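K.L.:
Below is the structure I would like to discuss, written out as structure tokens.
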């Protein structure tokens with residue numbers, strides 16, 4: 001079968017032929033329809049320090065997809081041939097304390113699809129049936145293919161009660177924009193997103209977010225005053241991993257504010273901890289998606305009218321995968337979809 005693989009320990013990604021993966025007793029064989037390029041895939045393409053430490057070569061990459069069930073392991077129940085599915089990209093062990101305690105997303109033995117085991121940038125994918133999620137008929141293939149990053153956004157945004165709150169989102173990448181859209185959809189009062197990338201801030205404006213602020217040109221305190229915010233933000237969603245953005249968030253949070261952190265900052269990031277302590281801030285780290293409550297919420301949000309379509313900006317045939325990666329690496333894109341049909 002055709003597959004996009006990391007074949008060499010250098011920049012790039014290559015189309016190759018690999019065997020169709022074998023179906024285990026508890027697995028599904030999925031024929032891939034559409035895949036989306038994640039920031040992780042760009043890191044792997046660029047062969048940065050993280051990738052060099054993490055990715056075995058060769059490796060079929062990719063973990064954002066939608067497809068059709070074409071094979072079912074003999075122990076599997078609840079699925080049938082022809083079911084349209086996406087799937088959780090974190091394969092968990094099932095026997096650690098967190099798995100057994102219902103906190104599966106915190107499994108200390110997690111294996112990543114397209115990172116530690118073959119991924120979805122291929123004609124076929126095998127995953128444990130436990131990880132598959134059936135896609136409702138009224139959700140398109142395009143939207144289903146981005147459920148993995150949408151899940152990061154939903155998990156982050158819904159970490160706290162947002163109704164009537166003022167929310168600051170730092171980082172207008174696709175996940176940050178989707179998180180801001182979720183916050184607005186579920187009843188936040190003001191949702192402000194910050195970045196320095198004007199292309200992506202314009203995408204955020206198309207999603208109906210209260211204010212998209214280019215912090216290289218505007219002062220966040222002026223925006224807060226314009227919105228009538230006298231006391232600061234109630235909720236912070238840190239999606240950028242940029243130390244200056246996080247420091248600004250700490251400066252502008254209200255006392256007792258709550259922050260969910262998905263962005264990965266440098267390991268040596270320094271902050272003024274007195275602001276955390278004297279403001280009584282609560283900071284929660286976010287990893288992946290809650291299995292599978294986040295997935296049900298994703299489907300329900302779309303079915304209740306949340307429109308994510310503006311975040312998908314580019315669509316290519318898999319034969320034009322290089323154009324897709326070029327678009328993602330340029331910073332002038334939202335989500336990029338690759339079609340395998």
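Note: Cβ is positioned from N, Cα and C throughout, glycine not excepted.
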K.L.:
Which of these, 175, 209, 277, 302, does Swiss-Prot list as part of the NAD(+) site with 195, 200, 262, 263, 264, 286, 287?
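P.N.:
So, going by the record in Swiss-Prot, that would be 175.
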K.L.:
Which one of these binding-site residues, 64, 195, has the sparsest Cβ neighbourhood, judged by other Cβ atoms within 10 angstroms?
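P.N.:
Among the binding-site residues 64, 195, the lowest count of other Cβ atoms within 10 Å belongs to 195.
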K.L.:
Between the recorded positions 43, 264, where is the Cβ count within 10 Å the lowest?
P.N.:
264
K.L.:
Quick check: in three-state DSSP terms, what is residue 38 (Zn(2+) 1 binding site)?
P.N.:
coil
K.L.:
Any idea what the Cα distance is from residue 64 (Zn(2+) 1 binding site) over to residue 40 (active site, charge relay system), rounded to a whole Å?
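P.N.:
If we compare the Cα positions of residue 64 (Zn(2+) 1 binding site) and residue 40 (active site, charge relay system), the gap is 10 Å.
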